[in-house]
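Trainee: Before I ask anything, here is the structure I am working with.
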Amino acid sequence: MAAASTSSPVVSQPQFTAMNEPQCFYNESIAFFYNRSGKYLATEWNTVSKLVMGLGITVCIFIMLANLLVMVAIYVNRRFHFPIYYLMANLAAADFFAGLAYFYLMFNTGPNTRRLTVSTWLLRQGLIDTTVTASVANLLAIAIERHITVFRMQLHTRMSNRRVVVVIVVIWTMAIVMGAIPSVGWNCICDIENCSNMAPLYSDSYLVFWAIFNLVTFVVMVVLYAHIFGYVRQRTMRMSRHSSGPRRNRDTMMSLLKTVVIVLGAFIICWTPGLVLLLLDVCCPQCDVLAYEKFFLLLAEFNSAMNPIIYSYRDKEMSATFRQILCCQRSENTSGPTEGSDRSASSLNHTILAGVHSNDHSVFRKETKMRGGHHLLRDEQPPPPERPGQGRV
C-alpha cells in the first residue's frame, strides 16, 4: 500500500504536463512530418522526378544568367542610371537569388529530402519565400514608380538615389522577415495537428497569410496599371481631338495595353494557380492538391525567368546593350553620361509617355492661346526678369 501511494504522484505528473503543454517535435525526422501530412516522400529517383529536376535546373541556370545580364547591362550603360532602372536591377537581383534558391531546392528534393533536418528544411523553404517576396515587392515598386511618372508626365522620376536605396532596403528587409517567420516560430512543429499537406512543417495559418498577402499585392498592381491605362486613354482621346496624329496616339495606347496585359498575364499565369492551391490545401481537405504541386512550382519558377524579358528585353537600348556585352563590344554610353542622357528614354518608357508628353503640351498651348492667357507648363522655366533699360521703347 505504501509503495503504491508513493509511486502514484510520479506517474500523474507527466500526464498533467503532456495535457497542458504543447509537444514539440524538433528532433523528429522529415519523414515523420511527411507521413503525418500524407505527402509522399520518395525513396528513389523515378523518371518523372528526374525530368522535373532536369527541367528545374535548366530553368534555374537561365534565370541566373538572364538576370545577371540585366544587372551588368544597367551597370555599364550610364543611360540606365535612373530610379526605374535601379528598381529593375533590384528585381533582377531578386530573381537571380530566386534562381539560386530554386537551384538549392532541386538538389534537396525527391529522395534527398529524407536527409534534411528540420532546420535545413526550413532554410530551404525560407530561401524561396524570401526571394519570391522580394521579387513580388519589386514588381509592386516598379508599378508604383510607373504610376508616378505617368501622372507627372515625366520619362523618369526625380526621386533621389538615397530614396531609391531606402526603397530597396525596405524591400529586402520585408522579404527577409517574411522568409524567416516560419523558422522563428510560425510553424507546426509544436502544433502538429495544423500542419499543411503541401509544406508538412508549415502551419496552415501561415500559408493562408502568405497566399493572401501575395494576392493582395497582385490586386494592387491590377488597380495601379488599370489607373494608368485609363489615364493615358483619356489623355489620348483628348489629344486626338486637337492634333493631327491620332494614329500615333492610338499606337501609344495600344502599346501600354500590351505591356499591361503582358505584366499582369505573366503574374496571373505564373502565380495565381500556386496561391490558389495553397488556399485549397487549407480550405479543401478532400482536394488532391499534391498531384499538381510540382507543376505549379515550376510555373512559379518561370516567373523569375520572364521578368527580365518583360521589363528589359522590350527596351531597344537594353537589347543593344545585351548584344554589346555578349559580343564583348564597348559602347559609347559606358564611358560616361551624355549631354542628352536625361532626355533619352527606353523604348518602353518612351512608348508609354513620349506621345502623351509632347502632344499634350501642344494641346495645352492651343487651349491657353484661345483663352488669351499664358501659363507655364510643368517642364518649362519662367522667362528671366528684364534688366533695367532693356524694356520696350
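Keep in mind that glycine also has a Cβ here, set from the backbone N, Cα and C atoms.
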Trainee: Hey, Swiss-Prot has 1-acyl-sn-glycero-3-phosphate bound by Lys39, Arg124, Gln125, Gly126, Leu127, Ile128, Asp129. Any idea which of Trp210, Trp271 it lists too?
Mentor: Trp210
Trainee: With reference to Swiss-Prot, specify whether Phe82 and Glu317 are located on the same side of the membrane.
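Mentor: Topo match: yes.
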Trainee: Could you pull the disulfide partner of Cys188 out of Cys190, Cys195, going by Swiss-Prot?
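Mentor: Going by Swiss-Prot, Cys188 is disulfide-bonded to Cys195.
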Trainee: Looking at Asn35, Asn194, which one is marked N-linked glycosylation site in Swiss-Prot?
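Mentor: In Swiss-Prot, Asn35 carries the N-linked glycosylation site label; others show none in the record.
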Trainee: State the Cα to Cα distance, in Å, between Cys195 (disulfide bond) and Cys287 (disulfide bond), rounded to an integer.
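Mentor: That comes out at 16 Å between the alpha carbons.
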Trainee: Count up the helix, strand and coil residues in the topological domain 'Extracellular' (108-121) according to DSSP, in that order.
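Mentor: Residue counts in helix, strand and coil order: 10 helix, 0 strand, 4 coil.
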Trainee: Looking at the disulfide-bonded residues Cys188, Cys284, Cys287, whose Cα is closest in space to that of Cys24 (disulfide bond)?
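Mentor: For Cys24 (disulfide bond), the spatially nearest of the disulfide-bonded residues is Cys188.
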Trainee: Can you tell which of Cys24, Cys190, Cys195, Cys287 has the most other C-beta atoms within 10 Å, given these are the disulfide-bonded residues?
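Mentor: By the 10 Å Cβ neighbour count, Cys195 comes out on top.
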